[in-house]
Amino acid sequence: MGNTLFDKIWDAHVVSSKEGFPDILYIDTHFIHEVTSPQAFDGLRKRGLPVLRPQQTVATADHNVPTWDQHLPIKEELSRYQVDMLTKNCAEFGVELYGLGHPYQGIVHVIGPELGITRPGGTYVCGDSHTSTHGAFGAIAFGIGTSQVEQVMATQCLLQSRPKRMKIEVNGKLQNGVGAKDIILYIISKTTAAGGTGYAVEYAGDTIRSLSMEGRMTICNMSIEMGARCGLIAPDDTTIEYVQGREFAPKGEDWDKAVAYWNTLYSDDDAQFDSVLNFNAEDIEPMITYGTNPGMGIGVTQHVPVTADVDPTEQKSYANSLAYMGVHDDESLIGKPIDYVFIGSCTNSRIEDLREVATFFKGRHKADHVTVWVVPGSKQVQEQAIAEGLDKVFEAAGFPLREPGCSACLGMNEDKIPAGKYCVSTSNRNFEGRQGPNSRTILASPLTAAAAAVTGKITDIRELLAEGELVG
Amino acid sequence: MSTKIFKHIQSTAVPLPIENIDTDQIIPARFLKATTRDGFGNNLFRDWRFDENDNPKQEFVLNNPTYAGKVLVAGKNFGCGSSREHAAWALSDYGFDAVVSSFFADIFKGNALNNGLLPVQVSDDFLAKIFDELYSDKDAQIEIDLEQQVIRISNTGDEEAFEINAYKKACLTNGYDDIDYILSNKALVEEFESKR
Ligand code: SF4
């Protein structure tokens, strides 16, 4: 019987597999950031242990950092303290830090790929659930808790039971204005927020194959939103081209060897999956969420599902969720006024996302009442955007290009959505209060967010796209 | 290094019959700025417990003196969302030793087990029974026997077996942790590295 892509990579990293115990899995690179690492460093100190492989550990400051005036000291005291603590800990334990002001600084899941650290066949972990993003390269990438951060620091290994394997195939041609973000929001709306729990999900099919690396990262990024342990996509020419020439990518002979290995990384035709789902790209509309978990999504022209149609045990929570969002049964959200637009986060803050929205914003202006935050995923994305003049396009559209960080994705810095306000957001979570206490998040693609910025309300991007102007 | 040793709990319980309780509700991101593991209990379910002016919201169950105890009973898919271990710390720090639900998110489950907080997964029916019992008798006791892997409603004698990974159970009942285990296999790690 053939092997799945997931099993091939897993097997290549098993240090020890013993009946009745989780496997000891070797970790190629451990990414750390300021929020989930301080207690882990403390744990090492208490145990008197070093970071075992500091050269396989990469640190950045992203969750807490301001996205304006980054050259100035961080104003918010606790944030500053946490970022300083990371600097101190990295110095003490010999870990390379891409901190504020460093040309490589950025959201941890954006910088790993763009620096060529994330590569096919590798194992990656980070104390952040969206580590699943790195799976887009055909890698195993898990989000972990702080005890596990300490574990990986101490041992370069992670104790893990092998998850079940799921395959999600998407085939067919996407409609104009529909992109990777819509695909994954659509999938999650079908699986529900718990439907992938216990699984490693491999995305396959010609629609997935046709996506750029940025699009694939968007898909894998949100695997965790259906509860999956991780998501991955078999590497192909698109992957190899993306990695080639990047700062830390293998060079010369090493490169050739690596590529030869990467070409063996796919699920065999007769590989067995524990679950298989199939979707048609043609069925996918531009998606938006109406509730308070990412599974509560609909096509932009559809209506909010009626409470009475929901599973009886969930009706109360469902009704609470609609009340929180200020939407009601059977409402069409098209035309609903919104207050903020956030284009950013590890889901949609890469250069391709910024190019796409800049193309749309060219010659258009944001609605007066809408505040627009465009936050690049990394310093490199920011520099690239400026080099291409995208910042000028945004300024002409009525808002600036900000500086890199997680920003309004989780509102740990100053970028918080005020209570009761609606934000169309390209991030990955619409949980209650995620973007600020009592804020209301509507998840969408960068294009749908950009459309809302211009019209000031929920809009079907397809209506704004002149025939052939743009393909999402 | 040992975690808390854990065998048996008997306690009253707090009902929170909401599905998909995510880690942003358990501990909102703005409270993740601490650099130690302590004190998160004060901000557990912060935005459900307190209003904008930090006044307790009377309707929320943790502000309702009727219910208290070491066991939180919650709707399905508890702990979805972020990997923040702070969610497990907050529940423990507040005083919970176990969370009972009919479904747990993976990362949360792992984090809880690594922090001496026992996630007990029961059937939808059994969960409904516990809620019914708690609503008819606020003092109803829930017993959780980790050795036997059984959860029981004391009043009615209803019980159900629950699953737990054998290794994790051994960690909890003996007070050792994953790092101890991997370090005891350090030679294998080095051998693995030397072969690459
Ligand atoms: S952008 Fe949001 S989801 Fe991504 S790493 Fe930062 S906080 Fe997590």
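Note that the numbers count up from 1, one per residue, in the order the chain is shown.
Glycine is treated like the rest: Cβ placed from N, Cα and C.
Now, the feature entries from TrEMBL:
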| type | residues | note |
| --- | --- | --- |
| BINDING | A:Cys346, A:Cys406, A:Cys409 | [4Fe-4S] cluster binding site |
List the residues of the same chain that sit at least 6 positions away from A:Cys409 ([4Fe-4S] cluster binding site) in sequence and have their Cβ under 8 Å from its Cβ, in sequence order, or write 'none'.
A:Phe342, A:Gly344, A:Ser345, A:Cys346, A:Ser425, A:Ser427, A:Asn428, A:Arg429, A:Arg434, A:Gln435
Using the Cβ center of A:Cys346, A:Cys406, A:Cys409 as the [4Fe-4S] cluster site position, which other residues in that chain lie within 8 Å, going by their Cβ?
A:Asp62, A:His63, A:Ile107, A:His109, A:His130, A:Gly344, A:Ser345, A:Thr347, A:Ser349, A:Gly377, A:Gly405, A:Ser407, A:Leu410, A:Ser427, A:Asn428
Quick one: what's DSSP say for A:Cys409 ([4Fe-4S] cluster binding site), helix, strand or coil?
helix
Which residues of the same chain, at least 6 positions away in sequence, have a Cβ lying under 8 Å from the Cβ of A:Cys406 ([4Fe-4S] cluster binding site)?
A:Asp62, A:His63, A:Asn64, A:Val65, A:Ile107, A:Gly344, A:Ser345, A:Cys346, A:Met412, A:Asn413
